[in-house]
Every structure is written in C-alpha cells, then in structure tokens.
Amino acid sequence: MCPSSYSSSHHDTCSSLPRLSLDGDYIVGGLFQLHEKYGGTGPATDTENRKPEVLQCHRFKFSSASYQQIQVMRFAIEEINNSTLLLPGVSLGYEIFDYCSDLLSYGAALEFLTQKGRGAIPVWNGTNYRPKVISVTGPFGSSQTISVAPLYMSEMIPMVSSDSWGNKCPTELKKQISLLFRTIPSDKYQVESIVRILQQFNWNWVAFIGGDNDYSRDALTVFQDKIRPANICLAYQDTIPQNQSLIGRLFNNIAMFNVQVIVVFANVEFVIPFIQKAIDLRVKEKIWIASETWSMNQELIKKSQIERIGTVLGVTVRRHKDLRGFDEFINNTVKSRHENDPTYSFVIYSAVYAVAHALHNVLRCGTRNCANSEFIAYPYMALKHVKFKLDNQSIEFDENGDPPAHYDIVHWDLVFKGLITDAGLFHSDILSCSYFLQAPVLQCSSECKSGSRRVQTGFHTCCFECEICSDGKYINHTADPYSCIACQKDEWARNGSTSCTKRSIEYLHSDAPLAIFLMFQASSIILISMAILSAGGRLCFFMLCCLSMSSISVFLHIGKPTEAICTVRNSVFVVFYVACLSCLAVRSFQIVCIFKMAAKLPKAYDFWVKHGGQWITIITTTVIMLFLCILWITIEGPKPNQITLYSEIILDCTYGVIPIFYVIVLFAYMGTDLPKNYNEGKSITFSLLIFFISWVISLTVHLSTKGKHTLSVNPFSVLCSLYGILFGYFFPKCYIIIITPERNTAAYFQTAIQSYTLQPR
C-alpha cells in the first residue's frame, strides 16, 4: 500500500496513480477518470492484436471533462473553507485520484480506508478507527461504483456521486445499506423520458443501440419494461462492437427492419465511431435519440457531413449557468484551460456541498462556530435528510439516495453546427416537448381507422392489419385495440363503431300524432254509434254497444304495454267483437231463414222466432268466446313482448286468432244469392270482407316487417273491422231510413219476401 505522502512522479507503481490533495479537519475523497481507457495507446479496435504491456493511466486518453470535474471539486471545497456560513472553524480537505481502470486504481480506492494519520488499514476492532475520508465522490460509471462500493459500505463511508450509476447499484447494494447518494437522476428516469418522447410523437417502431457495458445493458432492461405498456415495439437492438469494421452490420440490420427511430444509449467512446460510420455509410433521414452521455457532445455535432444523418433529439440533465467565481479560480490555480461544461460542473459542485451540509447538521454549526467540533462526525448520519438551496435549485435525496428527476430535452441544429437548442423538459414524470409541431409518422403499421381492430401479423404487436368491427360490436382503442366487443342486449352499434348506443324503447306514446289520430277515430266510432242507435231494434242496439266497447281496445294500444293492459285490450276486443259478429251471423241466418226456410219449413221458423233463437245463439256464442278467452289467459294469454331490432326495442303484445270468424264467413256466403232489392245480406258480406282484408294485411305486416310503425297496424285493423261493420251494415240502414223511408215499411219487406218465394227454381 502506498503511503499518503507519495509524490506524483511516474517511476513506480504507486506513483502511477496521480493524486491531488489538500489537508483539512475532514477529508473528502475523489475518484475521477482523468484518463479514459478507450482512445489511449492505439485504437480500441486493436486490443485483440496488441502485445501485452504494463498498463499505466498516463498512456490512456486524457479526459478534459474529468479534469474539469476535479477542478470543480477543488473549487467547491476551497469556497466552503473561505466562508464562515456553513462550517465555521472547520476545514475541509480533499484527496483526489485518477481512477482510469479498476485494476490500476484499486489501490487508490483502498487508500481512502487507511486510518487517518497512520497510512495503513488496521484490523478494525470496533473502536478508535477513523478512516482517512468521510465521503467519496465518484467514480464515474456503474461498473466502477459496484467494484468499490462494498469497501466503503463496510466502513460506513457514504458515496456521493455525480453519476447516474445505471440500475445495478440501487437493486444490488441498497438492499444492504443506503449509503449511495447521487446528484444526478437515476438512468431509469432518463430512459423513462426517452420513452415519453417516443409516445409524444407516436413513434412505436424503434431500434435500441448500446455499448458493451452496464450503463447500456441496464438501460436496455428498463427500456424494455417501459415500452410494453406504452405500445412501443423494439424492432431491433444491438451492441456497438469495439471493432469498427463490424459496425456496418448494425446499419444493415436497421435498414432490413425498416427502422427510422434509433435510440443510442451508450457512452461517448462507443457513440463517436458509431455516428462516424453512419456518416460514412450515408445513412440519411433518421431520428436519433441521444442519451445524456453524448447529447451535449461538441465533438460529434461539429463532425463533417453530420447534417446528413437526420434529426438528433437528446436528453441531458438540467443545465446550469457557469459557477460564479469558477473561472477566476481556474485562472489563479491552473496553467492550461479546458472546455467548461456547466451541467457537470454543477453536479460535482452540489455533491461536495451535500457532504458539507451533512457535516453542518451533525456538528450543529451556527454562524460563528460548531457546537460539536470535538465530535468525530460521520456525514452518513445526516445525508439522508439533507435539503438545501444551491444557486436557486433545491438539493435533496429520496429514500433511494436519488435527487428529483429533471431533464432538458435538446435538439441539434445541424445546419448551424455546434448549436444545441432547447426542445422541452421532463420533470416528475411529465414531459413537455415543443419540437416537431407536426411529427413524421414512424411506425411499423399505420394506425387503424376509428372502429377497426388490429390483427397482429407477426411477432411484434406494432405490426398489424386492420379489420372493421361488424354490426353489434364496437372497439375501445384505449383499453384493447385488438378486440371488438359485443354490445349489451339493450345496445346497438353500426359496423365501424367505437361505442354502443342504447336502443330506443318504442311504443305508441300518447302524445304522438299517430296515437292521437287513432284515439280520435276510436272516439268517432263511439259517437257515431250513439248517434244511430235508432237505426234498428234491440239487436242493432246491442251491436252498436258492442262496437263501442270494442273501440275501447284502441285506447289500450296507446302507452307502454303491461301484462294487465295486454290481457284486457285483446280480451275486450275479442269478446265484444265476437258478440257483434255473432249478431251478424244470427242476422245472416235470419235472412236465410226468411227467404229460404220460411216457405219450406214454416214450423221450424216459427219455433226459432217464438223461443228467442237469435238471443240464445248470441249469448251462447259470446259465453263460449268468453270461456275461451279465460282459458286462453289462464294457459298462455297475451303478454308484453319485446322485439329487438337494429337500433330499437319494440314493446308490443302477443295476440291470438278468432276461430268464429270462419263460421261467420260461411253464414255470410249463404246470403249472396238473396234478392237484389234486399241488400242487408250483401251489406253483411261487405262488412266481413273488410274485416277479413284488414286482418290479412295486419298478419302479413306482422310476419314480414318489424319496426315501430308496425305498432299501429293492430289498432288500425281494429278500426277497419269496426268501421267495416259501421259503414257496411249500419250506414245502408241509415240511408234507407233517411233517404228512402218508403222502403222502411213492413209492406215493402213482405213484398220482397213474396217476390223471392214465387220465383221459379
């Protein structure tokens, strides 16, 4: 183990680890990748053919970004020491190592565990052991963090990093102890912001390209989990090979899968050769989504012919202005200047201040001194509860040691190279992106039209054909775009519907014009019947009363049918109309008797007249019909009936057949050859024909058509039947009584009978 006082020469193993240090009451450790492994002695693509050689940090590529972060850490500590507001009377020091690789830099990581003032790591017995550092900032990268974190966890040394760590640290290490803190959001939020960008522009056919490290692999795992519920398909995913000659294969596959949106989630050392290959292969008009590791890279945006590759949108941590006083600090302390990135400057700056604020709380510092200055403080006691403002930004950690997720969405202006413009924000699970007022459609299959379902054609759910939903079904694209759902029994839908509509309930409403017309006609029958009661004797009076009672059934067709209404309306019509028809049957029989039986069978005719044969027949027929109605209702009478049609439900009643009608027709037919000057037989025949025709039409309509207009067919048939008797039987009587009274005499009737009986046969 190298002592803490070694020099920074490069002549032995220890000196191959350059170190910056500043003594203080409390030492903050720093591990920064000042020299990057990729891009050092020879290109990374030649690692398979290189000769074995001793690895030394200075042989790798110098990282100006890490150099800047080191200077920011020095600046923050010296700024805190020069102020009495945070740690009055207490000084902070630092010890910073170049963590260029796990193999070379493990000694530097162990150096932080040496006991302060002794330069060695003792066997800890639980007392009197104070590690050299109170916290460690860095290293950058989840793999490096995982390799050294267990060392510090065992000694309760918190790590406050400016790295997002990928996802392995929270899942593997934080289950044991929560001493990992970071001032940059977790990569899972970065992945979520990228998925939200894809959702915002409705891009669901994408490729994911990563590097050969945990940063990319962890991001891919989260990406696959996030895109499933977002209906985004991963058409192709691959890793950028270190051998640049193999990169072209990736672009061949991207072209084969017809992918236009490429998410490149990799460290910049992987991205640079990948983008260069895209330029060399003349890859055009693609949408590139950049992770925060390269979204702000100035080297890439200034490459020749970069504008050919298409559009670049990127995600970066919240950008900040330059730190006040930092340029002056650099001018006074550093001979050479390097490019300054304010974003990563601030995350290092806030990491150091988080440790200082934790010390401030543990030492109970005021404005002049710290009450517990003699107390051996360990900032892990207070880091979990740190919350403070730094340059008008709130710094705090959640239960996982993560800060609030806040990203800027940037757009590369490739026409004016080097210009990166703001395109939106992602904060607390909400994306606000103003770029692409009308985004291009980049999907495997175009979205189905409204009312059509997707029929998956391959492995990916984003590739599908469209099939229109049939009648009676609808589709809810939000809940399930692949299934047509059947409507409920009381609902309907046309083909290609996105929702069902309640079927309208149809019946004859009392305020409908048709219902008013029917009620008016039924009322007219009653009034006319009352007006012509003097047209005949008791039989006519009984028939007119039956007609009036039958017309009441028309009123029972109006309104919503119930079981009671269905029973009454059919029964009233059947019983009273049959009674009326039985009167016509008796009248027809009487005519036959007068003209045919009176001369041949005078005794039978006298018996019929003297014993009230007509009333016995009428009463018997009516009673039989009443009995049949009661039997009909008891066994299976008329009931409300729902007829479900396309867009409506018809409420109606079932009804039966009137068998006695055929007997009446037979009697009526027997009177067709009666004398021409006696027209009552012909009037009865005419009335029955109207009845027959109207009910044939009614039955035909009911059997052949369905709809709300069929509701009026039954009451119309009732009215036609009643008007047939009224006009066919009673109006001729009225005509004789009023217009030709000379024919309404007993002498005229006797003359007609005698003329008929004396005719030769």
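Backbone N, Cα and C define each Cβ position, glycine as well.
Unlike curated records, TrEMBL annotations are generated automatically.
Between the listed ranges 340-359, 540-559, TrEMBL ties the annotation transmembrane segment to 540-559. Averaged over the domain 'G-protein coupled receptors family 3 profile' (532-753), the predicted model has a pLDDT of 72. Beyond the transmembrane segment (540-559), the same-chain residues lying 6 or more positions past its ends with a Cβ under 8 Å from any Cβ of the stretch are 507-510, 515, 518-519, 521-523, 525-526, 529-530, 532-533, 565, 568-570, 572-573, 576-577, 579-580, 583-584, 618, 711, 714-715, 718-719, 721-722, 725-726, 729-730, 733.
Using a Cβ-Cβ cut-off under 8 Å and counting only residues 6 or more beyond its ends in the same chain, the transmembrane segment (512-533) has close neighbours at 540-541, 544-545, 547-548, 551-552, 554-555, 557-558, 712, 715-716, 719, 722-723, 726, 730, 733-734.
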